[in-house]
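Undergrad: In case it helps, TrEMBL gives these features for our protein:
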type     : residues : note
TRANSMEM : 23-49    : transmembrane segment
DOMAIN   : 41-292   : domain 'G-protein coupled receptors family 1 profile'
TRANSMEM : 61-87    : transmembrane segment
TRANSMEM : 99-120   : transmembrane segment
TRANSMEM : 141-163  : transmembrane segment
TRANSMEM : 196-221  : transmembrane segment
TRANSMEM : 242-264  : transmembrane segment
TRANSMEM : 270-291  : transmembrane segment
Amino acid sequence: EFNGSFYQPSAFLMMGIPGLEALHPWISIPFSLLYLVALLGNCMILFIIKRTPSLHEPMYYFLSMLALTDLGLVLSTLPTTLGIFWFNTRRIPFDACLTQMYFIHTFSFIESSVLLAMAFDRFVAISHPLRHPSILTKATVGKIGLAIVLRGVVSLLPIPFLLKRLTYCRKNELSHSFCFHPDIMNLACADIKVNVFYGMVVLLSTVGMDFIFIVLSYILIFKTVMGLATREECLKALNTCVSHVCAVLVFFIPMIGLSMIHRFGKDVPALVNALVAYTYLVIPPALNPVIYSIKSSHIREALLRALRRKSE
């Protein structure tokens, strides 16, 4: 199929859930609900934090960043995913696919960094409560947010160009309903060592390091908590971390699983590959606002106040 000349497909064909194509109209219902929850939930978090002065503190500024990132992830995958489930629209132009891939990976890397910033905030709040306001000022939080965005945007900028230089085989079918770097890369008929190496370096130096520092932050947090005088103080301190721990697990477990499948799991069934990918990109944006609304009494109380004002 490949004659040695340079070739790039004009478009890729995306895949829904393999083996369940006949059920796509029905499968679209839970996916539509998840996207709706993600959009409304994260917008609600942003609205409540903006309208409630008592929530204008580092923890909730970082939560706003997480909500904005989740909205970015949702808007990056929603058009193609629901396009397949609703209208069986599988075709995506080559350049549009690279653009979608860049935004998906950028928002994923930004979310990883925001979760690290939130872990640092919890560490400072528990280990150095008196110094917390002076360490994490509004200016500092703003600089951290800017650094997070620049880190994600710049580190992934070469990826589309590295993919665009490759010669591709005539096969143009992707494994998901969205464009994913390893998925596109594996369709090439050229040497992809540079792509593999750069992808691994960026992944390990960003998401990998973020995960390690999050774990270290919680080791230090638990060490501090264990030194508290009473059991009640210990539980109160740990309770402030529950939402963040849930968000970390919901994000990192499927992300690591999907990365491992694309690099080492060639024999993994296509259905498992698809389900892990959807768990990674659709579930966290929908669950995060639910988790924080349930666990954060401040968010919950502000939401109830807003609902009361509207009912009056």
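Placement of Cβ uses the backbone N, Cα and C atoms for every residue, glycine included.
Help me understand the surroundings of these features in the structure.
TA: Taking Cβ pairs closer than 8 Å, the transmembrane segment (23-49) reaches residues 16-17, 55-56, 60-61, 63-64, 67-68, 70-71, 74, 78, 81-82, 84-86, 88, 278, 282-283, 285-286, 288-290, 292-293, 299, 302-303, 306 in its own chain, all 6 or more past its ends.
Residues 58, 61-62, 65, 98-99, 101-102, 105-107, 109-110, 113-114, 117, 181, 184-185, 188, 194-195, 198-199, 202, 205-206 of the same chain, all 6+ positions outside the transmembrane segment (141-163), place their C-beta atoms under 8 angstroms from a C-beta of that stretch.
With a cut-off of 8 Å between Cβ atoms, the residues of this chain six or more beyond the transmembrane segment (196-221) that come close are 108-109, 112-113, 115-116, 119-120, 122-123, 126-127, 151-152, 155-156, 158-159, 162, 181-182, 185, 237, 241, 245, 248, 252, 255, 259.
Residues of the same chain lying 6 or more positions beyond the ends of the transmembrane segment (242-264) and with a Cβ under 8 Å from any Cβ of it are 66, 108, 111-112, 115, 118-119, 122, 180, 182-183, 186, 203, 207, 211, 214, 218, 272-273, 276-277, 279-280, 283-284, 287-288, 291-292, 295-296.
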Undergrad: Give, as a single whole number between 0 and 100, the mean pLDDT over the domain 'G-protein coupled receptors family 1 profile' (41-292).
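TA: Per the prediction, mean pLDDT sits at 91 for the domain 'G-protein coupled receptors family 1 profile' (41-292).
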